[in-house]
Structures are given as C-alpha cells and as structure tokens.
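Novice: Structure in structure tokens, see below.
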Amino acid sequence: MICELFWWEPVPGGNLIHDMNCCWAPFLYLCLLVSQSRTAEASQETLHWMEKMEVAAKSRISTSSAELIHGLELRLLNASFGGHNLTLQTQIIQALAFKLNCNFSGLSLSSAALEKVPQGLSPAFPPVWALDSALIAARPQHAMQFPAELTRNACRTRSRDLRLICIYFSSTRFFQKDINSSLLNNYVLGAQLSHGYVSNLSEPVNISFWHNQSLEGYTVTCVFWKERASKHHWGAWSPEGCHTEQPTPSQVLCRCNHLTYFAVLMQLSQAPVPAELLAPLTYISLVGCSISIVASLLTVLLHLQARKQSDSVTRIHMNLHSSVLLLNITFLLSPVLATPPMPGAACVVLAATLHFALLSCLTWMAIEGFNLYLLLGRVYNVYIRRYVLKLCAVGWGVPAFLVLFLLAVKSSVYGPCKIQLSDSHGNSTGFKTTSICWVQSSWVHSVLVMGYGGLTSLFNLVVLAWALRVLNKLRAQEKAPGTRACRDTVTVLGLTVLLGTTWALAFFSFSVFLLPQLFLFTIFNSLYGFFLFLWFCSQRCRSEAEAEAEMEVFTSQMVQ
C-alpha cells in the first residue's frame, strides 16, 4: 500500500481527487498512530520519572531533590503531546504542561477542575485558559491564576510556541524542613515557562490555598523556593516578591511577581512586629542606646579616675558597665553590617560579638545577685581570695567559651537574621523584613538567649525576694525603725531591678502583651546603661556623704 503511494500515476479520465484521498488516507492514519505512540511513550517516560521520585522520597535514596525536580521539569518541557495540554498524576505529584502562544490571554487552574481529568489526558474545561464555573462549584484545595503578561517578554524575542508547566506536590519531602514551621496542607505549587525565567511581573500570579483548619496562633506567610539560598540544602523558603492576603478565614491568597515553587509557611513563633511600629521602636533604640553608651563611658572614666578608692563591689559594677557598653555598641552596628553590600564574614563576627556581649551582660547580672547574697548573708565572712579575678573568669570566660564553641562547631549559627514585619490593610496582610546581624539558629536562640536570660532573671528575682525578707527582719529588730531600713529596701530594690528584672519583659511578647512589651522592653533596656550611671552616681554621692559625716565626727572628737 505504501509502495503504491510512491508509484502512483494518474489514470486518464479517472477521479483524481478521489484516488488521492484513497491513497493518502492510510498514510495519514499511520502517521497519526506513530504520533500517538510517541506521545504515549513521552507521557509514560515522564510518569515513570514521577514514580521514581516518589520511591526516592519514601526510601530516602541519596538522589538529590534538585536533580529529581529538574529532571521532571526537563521532561515536561520536552514532552510531545496532542492537543493543548497534558496532565499526569501520581500519589503525591501532579504535573501539567500547556502549549501557549503569543496571543495568550491568561490561564486559571483549579484543583477542583483538575480532579476531573483522566490520567494522561487534557483537562475538560474549554477554553484551556478559562475556568468553567460549574467545575469549581465545590470548593477547591488550591488554584493558580496566570496573567496575560506572562508570555510578553518571551514573545519579544521568540515567535514560536511557548510551553507552561505546572508541578504540584502534596508532600514536603523534596523541600527543606524547619522544626519551627510547617507548610499549609503540605502543598507546594510550582510553575515554569519555557524560554526564560519570569520575574518582576506588573500583574501578579495569584495562588490560592483553601484549608479547613484554625490558623490562630500561627504566622502565615506566602513564600517561594529560592534555589542556592542555603549552604546545607538546595534552596530555602523566602517571602521576597510575594504578598500575603486572607480574603476569608478558610483561604490564603498569595500574589507573587515571578514563577517558581510556592507554599504557605505556618510559623508558631511570636507574632510579627507591625510595620508601622518599626520607625518609633528604631528611634527609641537609637536614642536610648546612644545615651547609655555616653553614660557607660562616663562611668568607666570616673571609675578609672578614682581607681585607688574602689572596692570589689565597685569593680563588679564596672565590669557590668563594660559589658553593657559593648552590648550597646554592637547592637547599633548590627543593622548596618547586615545590609547586602557588607561582607558576610563581617556580619558573622559582629553577630558573635553581640551574642558574647549579651551573655556577658546577663552573666554579670547574675554575679551582682550573687554578690548581694554574700553581702547580706555572710556579713562577717565575705573575704574570698582573688574574688574579683575569679568573677571575671566567669563573667567574661564562660560567654567567650560558649560563643567560640559555636563558631568552631557551626559558624552558620551567626549571620544576617531577618525580622518579619506585618503590614495589614483590611483583609490584606503583607510582610516585609528587616535584617540584623544576630543568631540564625533557632535552638541556639532558645537555649543560649532565652534560656540563659530566663535563668538569670529567675535567679535575681529569688535573690530580691530573699534580700527583702532579710531586710524586713533587720528592720523589725531595730528599736527605731524607719530611716535606715527604708533606705536599705530602696537600695536593694533599685540594684536588683536595674540588674535583671527589666530583662524578664522578653518573656511577655505574646497576645495582648506584645505591644506594651515591645515599648517597655525597648525603653528600659536601651536606657539600661543610663540607669546604671544614675545608680553609680547615687552610690558615689552616698559614700562621699558618709565619709564627710565620719570626718566631722572624727574632727569633733579631736577638738574635744
């Protein structure tokens, strides 16, 4: 039959058109069979690769997630199929490919519609870029809407057909896991356009996630998978270029200006700071820390001037002042070195120094409480050989050992740390970030920041309660209680509150306490060095007054 097609000659007087149809029909039928066979083979190859990905994910085979996902993307971009689109699905992966052209007017996809599509066939909603309302009568689990602008840049340089692929994962096995966060419904929705990376769209891609769970107590953020953003994985989640909205309690809407893999990150950490509070809190911190730096410098200089007259208590105060001075300086420099033009190594060093200064400050607070216990509890036996030197070994040595140990084991615990800020407008909630050089590891922050500070505050509160009890007994034993007992009570309250109590406000950053806590913590602890300066001045004036009183008594006795 095929040979006759090549050796066909027109018959005089015959029906030429009829003979051509009869001869070419089998050939066209054969070509159609071959085309369908190749389409089936391409679909089966892609489907086998998707099944391989599932097996690798379940059995934890060493094949990298990036290699598996990029392999699936390549097969979808090169797959041949009839019609406008192709749909393939396994247990946890759904892959779609669409043929587009420069007349693209937008595309909407819904999981409710895709569930009606047979394996390996095209979705039955005409046209391919318009959702039939009947198909989404039941609430879908997710949906993606692509703007007409999607193909504009690609069509400027290429006039041939384009291809859009979408890959949906109902599992997070191929992406980085974070113990402090999870993904809404465990969904990751991805999209990619052939012939170039799509970014900076003026009209965003809309990705909707529907759920039936309560998000109370969670911070919900639309994120995308940023490749090569992590040293220990093939990428990391980032909120850049995405805007988060919650039109209804059961829907999260992500508006992103690029194509990649998208998800909704749910975090149990503290609520994000409102963006409108960033400016006043920054101003308070800047002014307060600057005043504290000047006050701490004056205190240290005054101490150096009268160094011969200082005792162990004053030297302990000076060590605390030094740690507070270092803490304020490194804190003010932290946001500056976290900006991109600055080298990453400088931010790591500054973050480690800031952590060291905080730990030293907390340690010297505990040392102040311990010294207060010795002064009140061991009145007749307070001498310890090389007492201040041993306290310095603890106050500076322990924090230095902890920080150096962390740097030696895993230096990546320090670096630029992003603080999330929420920007709400009605039902729309956007998120932006500000960065400082600080601790990046969540467990280090929990143990060696919050845990360390919690123990220090608890210890000083116990010492305060005990000291008040002791002073109350002394006051009751005095025949003329009043002046001295009240003065001692004020002294202990002032010393202990300034050396630890205000730092306990860090544990009230939740619920209705968040906003008051932010301002109280910022005001009290940014002016911490200034309060210590006032305490130093009052103690110095008090000691000078006592010295003058003793001199007057001595002089009067000599005259008599």
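Every residue, even glycine, has its Cβ placed from backbone N, Cα and C.
As listed in TrEMBL for this protein:
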SIGNAL    1-42  signal peptide
DOMAIN    105-272  domain 'GAIN-B'
TRANSMEM  281-304  transmembrane segment
DOMAIN    281-540  domain 'G-protein coupled receptors family 2 profile 2'
TRANSMEM  316-337  transmembrane segment
TRANSMEM  343-367  transmembrane segment
TRANSMEM  387-409  transmembrane segment
TRANSMEM  449-471  transmembrane segment
TRANSMEM  492-512  transmembrane segment
TRANSMEM  518-537  transmembrane segment
Novice: Any chance you could find the range in 281-304, 343-367, 387-409 with the most Cβ pairs under 8 Å to the transmembrane segment (518-537)?
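Specialist: Going through each listed stretch, the top one turns out to be 281-304.
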Novice: Among 281-304, 343-367, 387-409, which stretch has the most Cβ pairs under 8 Å to the transmembrane segment (449-471)?
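Specialist: The stretch with the most contacts is 343-367.
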Novice: Going along the chain, which residues at least six beyond the ends of the transmembrane segment (387-409) come within the CB cut-off of under 8 Å?
Specialist: 312, 315-316, 319, 323, 352, 355-356, 359-360, 363-364, 367, 371, 444, 448
